[in-house]
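A short write-up of the structure that comes next.
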Amino acid sequence: MSSPLDRSDSGNGFYSDQESLRLRRAPSRMSNQNYPQYNWRSNPSDDEVGNAESPRELRTLARPMAQKKALRQVQQMRMPVSTSAKSWTHNKTKSLHKLKSNFREFLYFFSLWRKSLQKIGGNFGGGVESYFLFLRFLVVLNFVSFLLIAGFVIVPSLVFRSAGTSLNSTDDGPCMKYNPNPQGLVVFYEFFLHLLSGQGFMEDSLMFYGYYNNNTAMEEGRLFYNLPLAYLFTAVFYFAFCLCCIIAHMGTAARVVVATGGSTMGNYSLIVFTGWDYGCLGDQATKLKQKNIYYRLQVDLEEERIKKQAASLTPWRRVALYSLRVLMFLISIGLIVAAFYGIFVATEFSQKNNEKTGILGLFIEYLPSMVITAGNFLVPLLCDQIALIEKYSPSVTVVVALLRAVVLRMVSLGVLLFTLWSQITCDGNTEAMDCKMCQYNVDKYPCWETRVGQEMYKLTLFDLLVTIALLVLVEFPRRMVVDNWSSKLSQLVGRQEFVVPSNVLGLVYGQTVVWTGALFCPLLPLINTVKFVFLFYCKKITLFYNCRPALKTFRSTTSTFFFLVVLLFGWILSLVVMIYSLAVIHPSMACGPFRFIPTMWQIVPNSFYSLSKVTQEFLFFIGSQAFSIPLFALSCVVMFYFIALASIYGRSVAMLKAQLKLKGHDKQFLVKQIEKMKSSSL
C-alpha cells in the first residue's frame with residue numbers, strides 16, 4: 001500500500017494537496033505538464049461543467065485559468081441545440097448583464113472625488129479615507145434631497161404663486177400680526193447682518209417657512225395642486241428617502257463586517273487574498289495601493305498587540321485599569337453635563353434679549369450657536385485625551401470617543417430645541433397668559449416655524465464659518481511654526497493628526513441640524529450641500545499640508561458601519577422633532593401654508609374628504625383590517641424567510657471557517673512530516 005506522499009493525480013497533470021513537496025520537480029519548458037491535461041473522453045462532472053451554465057458560475061470553480069478555458073470549450077461543444085425562444089432569452093440575459101457591468105463602470109468612472117479618495121487612502125490609511133467617503137455620501141444625499149424638495153415645493157410655489165399676493169396677513173386680529181419686511185430705508189451693513197441672521201429680506205424669501213402660502217391652484221374649477229399637502233408629504237418622503245439611503249449603506253458596510261467575522265484573522269485573510277487591485281495603472285496608483293494595504297496590516301498588528309498586552313495583565317493591574325476607566329467615564333460625564341447647562345443658559349438669554357439691533361443684536365442672536373460650537377469643540381477634545389488614558393484598542397477608542405461626542409452633540413441640539421419649545425408653547429401650558437389666545441406665544445414668536453428655521457440656519461452657517469476660521473487662523477499657522485521654528489516646544493506639539501471621530505461627529509451634527517430644520521427652512525439641504533463640498537476641499541487641504549499620518553491607525557470596516565449608526569441616531573432625533581411639530585404644536589396663524597388649522601397634520605384629513613368617493617373607498621380599504629392583516633402576515637413570512645436564510649448562511653460561513661482551520665492543520669502536519677523526512681535522510 002502506497003503512502004499518501006507517493007500519490008499524484010495523474011488524470012489532470014496536477015499534484016494533489018497531500019503530495020510531498022520534495023517530489024514536485026519543476027517541469028521542463030518542452031514538457032506537456034506546463035499545460036492542464038484534460039481527459040476529453042470522460043464526461044465532465046456535474047459540479048464543474050453541468051452546473052456551471054454561465055461564465056459567472058464557471059469563474060467560481062477553484063481551477064487554473066487555462067483549465068477553465070478548456071472547460072468552457074467543452075461546454076460550448078456539448079451545448080444542446082436550443083430553440084429560438086431560448087436563444088433569445090439567453091442573449092437578452094447576457095446583454096442585460098453586460099449593460100449592468102458597463103453602467104457600473106460608467107458610474108465608477110464618474111464617481112465624485114474618485115482620484116482624491118484614492119490618494120487620501122494611500123497616504124493616510126483607510127480610517128481617514130472612510131471619513132471622506134462618508135462626507136461624499138452626505139453630499140449626494142443632500143443634493144438629491146434638495147431636488148426632491150425643489151420639485152414638489154419650491155418650483156410649484158413659484159409657478160402657482162399669484163401675482164401681487166402678499167404673504168403677510170392684513171387682518172387686525174391679535175394672532176395675525178406679522179410683517180417681516182423692513183420698513184423705510186435700511187443701512188447697507190444691515191443687509192449683511194440680515195444675511196447672517198436670516199432676518200429682514202431673508203425672512204421673506206424662499207428660504208423659510210413663512211414665505212409659503214396656503215393657496216391651492218385651481219384649473220377650470222377642479223383641484224390642480226395642493227401646496228400645503230405637497231409641503232407636508234414632501235417633508236415625510238424626504239425623511240423616508242434619507243432613511244432608505246442610510247439603511248442601504250449600512251447593509252453594504254455590514255456585509256464587510258460579517259465577511260471578516262469581526263476578527264483580525266478574517267480581516268488579515270481579506271487583505272492578503274483580496275486586497276490588491278489589479279486594475280491599478282501607473283507607479284503612483286500602485287504605490288498608493290501598497291501604502292493602503294500597509295496601513296491596514298498595521299491596524300491588525302496594533303489590535304493584536306493590545307489584545308496580548310491586555311491578556312497578560314495581572315488581576316491587580318486589571319482592577320486598577322477598570323477603576324481608571326470608571327473615573328475617566330465620570331469625568332467625561334461631568335464635562336458633558338456642564339456643556340448642557342451652558343447651552344441652556346445661553347439659549348434662554350438669547351431668546352429673552354432678541355430685540356437688540358446692530359452688532360450687539362447679531363452677537364446675541366448667535367450666542368447659542370457660539371456656545372454649542374465651543375462645547376462641541378472643547379469637550380470632545382478633552383474626551384479624546386481621556387480615551388487615550390483609558391488604554392483601549394484603536395478601534396474601541398474610536399467607538400468610545402464617538403459615543404461620548406454623539407451624546408454631547410445630539411443632546412446639545414436637543415437642549416436648544418427644548419428651550420425653544422418651552423418658550424414657544426409656554427412650557428406646554430396653553431392656558432398660560434401668553435399662549436391662551438393663539439395656543440402659542442404670539443408676542444415673541446408671531447411665526448414660530450420661521451424662528452426655528454432661523455436657528456437651524458444660523459447653526460449651519462456658523463459651523464461653516466468656524467471651519468474656515470480654524471483652517472486659516474489655527475491650522476496653517478501651527479504648521480508654519482512647527483516647520484520653521486526649531487525648539488523643544490514646537491517639536492513637542494508637532495504637526496496635528498487628523499482626528500477622525502471628532503470630524504465625523506461634525507458631519508453627523510451638521511446633517512442632524514439640516515434634518516431638524518428642513519421642515520422650517522426648505523433650502524437648508526442645498527446650503528448643506530454647498531457647505532459639505534467646501535468642507536471636503538478644506539479638509540483635503542489641511543490633511544495634505546497641515547497633518548501627518550496618524551501614529552495609531554484604526555480599522556475602517558467597523559468604523560464605517562458605526563458612522564452610519566450614529567447618523568441614524570441623528571435621524572431619529574430629527575424625526576421626533578418633525579412628528580411633534582406636525583401633530584402637536586399649533587401652526588402659526590399669520591404665516592405659512594398651514595394657517596387657520598389646529599395642526600399641520602389636519603391638512604391630510606381635510607384633503608382626504610375633498611377627494612372623490614371611489615378614491616376615499618380605496619384609501620379606506622388600504623387602511624382597513626382586510627388589507628393590513630394579510631399584508632402584516634405576508635411581511636412576517638418574508639421576514640422569517642430572510643432570517644432563516646441569514647441563519648443558514650451564517651452556519652455555512654462557520655463550517656467553511658472550520659474547514660479552513662482543518663486545512664491549515666493538515667498543511668502544518670505535512671510540513672512537519674517533510675521536515676522529519678529531510679532530517680532522517682540526512
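Start at 1 and count along the chain as shown; that gives each residue its number.
Glycine residues also receive a Cβ, built from the backbone N, Cα and C atoms like all the rest.
Residues annotated as compositional bias 'Polar residues' in TrEMBL: 1-18 (among others).
Positions annotated as compositional bias 'Polar residues' by TrEMBL: 29-43 (among others).
Sequence annotations record features per position, and here TrEMBL assigns domain 'TMC' to 447-556. Helix first, then strand, then coil: DSSP counts for the domain 'TMC' (447-556) stand at 85 helix, 4 strand, 21 coil.
The region 'Disordered' annotation in TrEMBL covers 1-55.
For 133-159 (among others), the entry in TrEMBL reads transmembrane segment. Long-range contacts of the transmembrane segment (133-159) within the same chain, counting only residues at least 6 positions beyond its ends with a Cβ under 8 Å from a Cβ of the stretch, are 112-113, 117, 206, 211-213, 217, 225, 227, 230-231, 233-234, 237-238, 241-242, 245, 249, 504, 507, 511, 514, 518, 522-523, 525-526, 528-529, 532-533, 535-536, 539, 560, 563-564.
Annotation comment: TrEMBL describes 191-212 (among others) as transmembrane segment. Long-range contacts of the transmembrane segment (191-212) within the same chain: residues 153-154, 157-158, 167, 178, 180-182, 227, 231, 358-359, 361-362, 365-366, 447, 449-450, 453-454, 457-458, 461, 519-523, 588, 591-593, each at least 6 residues beyond the stretch ends and with a Cβ under 8 Å from a Cβ of the stretch.
Under the heading transmembrane segment, TrEMBL lists 224-250 (among others).
According to TrEMBL, the feature transmembrane segment maps to 326-347 (among others).
Annotated transmembrane segment per TrEMBL: 359-379 (among others), in sequence order.
TrEMBL lists 399-421 (among others) with the feature transmembrane segment.
What TrEMBL lists as transmembrane segment is 459-476 (among others). Using a Cβ-Cβ cut-off under 8 Å and counting only residues 6 or more beyond its ends in the same chain, the transmembrane segment (459-476) has close neighbours at 196, 366, 369-370, 372-373, 377, 496, 506, 509-510, 513-514, 517, 524, 527-528, 531, 534-535, 538, 541-542, 545-546.
Annotation source TrEMBL lists transmembrane segment at 513-538 (among others). A Cβ distance under 8 Å defines the sequence-distant neighbours of the transmembrane segment (513-538), meaning residues of its chain 6+ beyond its ends; these are 113, 132, 135-136, 138-139, 142-143, 145-146, 149-150, 153-154, 206-209, 212, 235, 238-239, 242, 413, 417, 449-450, 452-457, 459-461, 463-464, 467-468, 471, 507, 570-571, 573-575, 577-578, 581-582.
Sequence-distant neighbours of the transmembrane segment (559-585) (same chain, 6+ residues past either end, Cβ-Cβ under 8 Å): 127, 130, 133-134, 232, 235, 239, 242-243, 246, 249-250, 253-254, 256-257, 395, 398-399, 402, 406, 410, 413-414, 417, 421, 424-425, 440, 448-449, 500, 504-505, 508-509, 511-512, 515-516, 519, 599-601. Residues or ranges marked as transmembrane segment by TrEMBL: 559-585 (among others).
As annotated by TrEMBL, transmembrane segment applies to 618-649 (among others). If you look at the transmembrane segment (618-649), the same-chain residues 6 or more away from its ends with a CB under 8 A from one of its CBs are 608, 611.
Model confidence over the domain 'TMC' (447-556) is summarised by a mean pLDDT of 83. Same-chain residues lying 6 or more positions outside the transmembrane segment (359-379) and placing a CB less than 8 Å from one of its CB atoms are 193, 196-197, 335-336, 339, 342-343, 346-347, 349-350, 353, 405, 408-409, 412-413, 416, 455, 458-459, 462-463, 466, 505-506, 509.
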